[in-house]
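Copied over from TrEMBL:
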- 20-40: transmembrane segment (TRANSMEM)
- 52-70: transmembrane segment (TRANSMEM)
- Glu111, Asp140: UDP-alpha-D-glucose binding site (BINDING)
- Lys278, Asp302: Mn(2+) binding site (BINDING)
- 442-464: transmembrane segment (TRANSMEM)
- 476-498: transmembrane segment (TRANSMEM)
- 568-588: transmembrane segment (TRANSMEM)
- 600-622: transmembrane segment (TRANSMEM)
- 634-656: transmembrane segment (TRANSMEM)
Amino acid sequence: MAAVEHSPLFETKSAKGRVFYKIFSLSLFVGICFIWVFRVSHIPRESEVGKWGWIGLSFAELCFGLYWLLRQPLRWNLLFREPFRQRLSQRYEKVLPKVDIFVCTADPGIEPPVMVINTVLSLMAYEYPPDKLSVYLSDDAGSDITFYALLEASIFAKQWLPFCRKFKVDPTSPAAYFKTIHSSTHAKELVTIKKLYQDMESRIENAAKMGRVPEELHSKHKGFSQWDSYSSRRDHDTILQILLDEKDSSAKDVDGNVMPLLVYLSREKRPQVAHNFKAGAMNSLIRVSSMISNGEIILNVDCDMYSNNSQSLRDALCFLMDEDKGHEIAYVQTPQCFENITKNDLYGGALRVIYEMGLQYGCSVEDVMTGLSIKCRGWKSVFYNPQRKAFLGVAPNTLPQALVQHKRWSEGGFQILLSKHSPAWYAYGLISPGLQMAYCYYHLWVFICWPTVYYCIIPSLYLLKGIPLFPQMSSPWFIPFAYVILGDSSYCLMEFLWSGGTIKGWWNELRIWLYKRTSSYPFAFVDTILKSFGFSESTFVVSAKVAEEEVSQRYEKEIMEFGNSSPMLTVLATLALLNLFCLLGMFLKQVFISEGGLRIFDAMALQVLLSGVLVLINVPVYQGLFLRKDEGRLPMSVAAKSTALALSACALFISLS
């Protein structure tokens, strides 16, 4: 017993093979240095063509090399953590802290109320003392339909929570559970609870389709009276309703057990007052919860991220309540995972769900700024990636959605970099240099996009003219280029496969990486600059959580969804066609017209390779422009504009050269 009392509540292990990676990364850096030396020592003379293109590539490769250095602290010391829930229960079961759970929603059209209440119900069903659990829903739309959905959920929870306890249900989201369960030893109870859920779902969806709550329901709950003075989602008083309260004798489930506290909040909004988007909603929840439940721990969950593990709250407490290290830890975060990811992850990307206290204003990724600020005060954080994912959500299933989401994230990172809380200067001396470099790596997304755009355009244009910008294959200088390209690409592929991905998934990840750097990040850069000079205002774009049936079917088949004529898609199509025209033009000129014939490939092998890879990556774009007939294709207007722009760029470069 004494051994148990003194055993840690979690364990941290370092990943194996880090010494080999450090040696490998050092060799890559040597290769990068040789590339820099080559660029400086072989600058074309004034009389030689390609001088300015060469200088531009030199600057781009300098940026790539320095950016690669910033990435290294992220990989040099990989850690794995394991919590011990049994030890937590043995020591602290009777004195577990009160937990306030925050769920935020902003638009019932984009974030359907049925999805929101599934998240709420999954959190209410945590394996945790219900009298110490409080769930708050912040509705920034101030929608009476969302309130009605939560009211229905509070009634259904009286049946759902005992069902989850009795049959050890996981995941505890009703929709997710009914989707995954195919056979059961408790078929009768399952049919009953599923019928109750479907009836509730039908009532909520009918109200959502009508755009209003039926009048007869308004009289059944006094909470609807708060919408009598409602003007609009941007102009209304505070709406606060406690739907389940342990002090109320009726707030018990069908087994007579106390239920978690359930609160609906729509904070006051006025057109002339900045509401600070999600950060404002979170801080309003903190103020309200401090007056009602005042939990010692706060769990913040996106409304589309339902609980996939009813024990995940206890996992987090193992880190926060550890006797030796718990006092240093400010928050615990788990990776953001998605239930609708295709086998090869068509659009790539994941972020995280984060537990934290208090958010700062000033950018569209306020959780990142707050996390940095907390660490600069001496606190630490814990990243925990359990085998059974703590939360599952909905990933973007169209390319425009994915690009807009990454634009918001990169824009927020850029805003932090320019703010007084920039990791480049605010964090200096307050956090470790490695952590400071890691923060800068992510906040420099928008800067590294410009060298990438340059690399996607200039080498291909010079290829069209037959002007080499890289060493020929027979030159010793070809070796460092080949080593860095093959070495880094091979390591990234192995890392992707080691983390559970596929080769095709890695290729998709590479494609989305390119699309983000050539569309999302440049637009984020421009928008941030315009906002800093007062030419535009900050906005918070909510990612759509629902999709049409045909869109979902194409997504499941891993067919890329374009579907509109946004400027970002026009840029992608133009760059794709530019590389295609340059590569085809080079082949036609060098193979069939030029006397040099195939000898040109020795002098321009790397340019041909670069342009060829860019063409292969953009195959879905060419299909969307010219081959597909479905609604997910690129519109004809985009095809016309991008073709004209790409041909004009090629013709202009040839004439200027």
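Backbone N, Cα and C atoms are what each Cβ position is placed from, and that goes for glycine too.
Nobody curates TrEMBL annotations by hand; they come from automatic prediction.
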Which state, by DSSP, holds Asp140 (UDP-alpha-D-glucose binding site): helix, strand or coil? coil
If you count CB pairs under 8 A between the transmembrane segment (20-40) and each of 52-70, 442-464, 568-588, 634-656, the winner is 52-70
List, by number or range, the same-chain residues at least 6 past the transmembrane segment (568-588) whose CB is under 8 A from its CB atoms? 399-400, 403-404, 407, 453, 456-457, 460-461, 463-464, 466, 515, 518-520, 522-523, 562, 600, 604, 608, 611-612, 614-615, 618, 621-622, 624-625, 634, 638-639, 641-643, 645-647, 649-650
Asp140 (UDP-alpha-D-glucose binding site) to Asp302 (Mn(2+) binding site): how many Å between their Cα atoms? 13
Between Glu111 (UDP-alpha-D-glucose binding site) and Lys278 (Mn(2+) binding site), what C-alpha distance do you get in Å? 14
Determine, from DSSP, whether Asp302 (Mn(2+) binding site) sits in helix, strand or coil. strand
Please classify the secondary structure at Glu111 (UDP-alpha-D-glucose binding site) using three-state DSSP. coil
Counting across all protein chains present, how many other Cβ atoms fall within 10 Å of the Cβ of Lys278 (Mn(2+) binding site)? 21
